[in-house]
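Feature list (source: Swiss-Prot):
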type	residues	note
BINDING	His90, His92, Glu96, His135	Ni(2+) binding site
BINDING	His90, His92, Glu96, His135	Fe(2+) binding site
Amino acid sequence: MVKVWFMDDEQETDQRLEHHRSPPDYLELPELYQKTGVEYFKINADDYQNDAILGELRAKRGYTYDDEITCSEKCLPDYANKLKNFFTEHLHTDEEIRLVLDGSGYFDVRDNEEQWLRIQVVKGDLIIIPAGIYHRFTLDSNNFIKARRYFVGEPVWTPHNRPADDLDCRKSYLKHQAESFVQLNQV
Ligand SMILES: CSCCC(=O)/C(O)=C/O
Ligand SMILES: [Fe+2]
């Protein structure tokens, strides 16, 4: 099962370590969604083409493009540079959808109080990172992940490094999160 935790503030040690707080402070998935809008689904990675949850997601959200990315020193062209860019805090104008087929890694997302939440993804985890949220990605100490990427229309992978607060997608994201917070607190 996917694990999510608040990160420590340690910046001198290896980004591939777990970076837990002391004591470790975990979040459940509903809390992750409330704080960030990140969505999570469990998929059968060995037979993802026939997975009903993925099929429904693809139809409902209109994913028309998919491909595969393998991040390892051997498989990823310009490995060091790409990993450096993945770990630079950024956002995208579209959702980032990743299904892990093999290996593992960490997606870090900023919560509503600017704290880093670390999402550990392993085989079968599908996450949807909303457009406009600041995030980053790193391999863990296994140095290997293979994932499928999904997109609506022609894929745009461009990362907008922080600060990117003037982008419409950032404003929409913040508005959506603020409205969800109000709704939640009215119940
Ligand atoms: C496991 S996919 C590599 C990371 C990536 O594509 C990305 O955009 C990170 O923010
Ligand atoms: Fe990204």
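The backbone N, Cα and C atoms fix where each Cβ goes, and this holds for glycine too.
All features noted in Swiss-Prot, drawn onto the structure.
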residue : record              : Cβ contacts under 8 Å, 6 or more apart
His90   : Ni(2+) binding site : Tyr134, His135, Arg136, Pro159, His160, Asn161, Arg162, Ala164
His92   : Ni(2+) binding site : Ile129, Ala131, Gly132, Val156, Trp157, Thr158, Pro159, His160, Cys169
Glu96   : Ni(2+) binding site : Ile128, Ile129, His135
For the Ni(2+) site built from His90, His92, Glu96, His135, further residues of that chain with CB within 8 A of the site's CB center: Leu91, Ile129, Ile133, Tyr134, Arg136, Pro159
Number of other Cβ atoms within 10 Å of the Cβ of His135 (Ni(2+) binding site) across all protein chains: 23
Three-state secondary structure, which DSSP defines for His135 (Ni(2+) binding site): strand
Assigned conformation of His92 (Ni(2+) binding site) - DSSP reduced to three states: coil
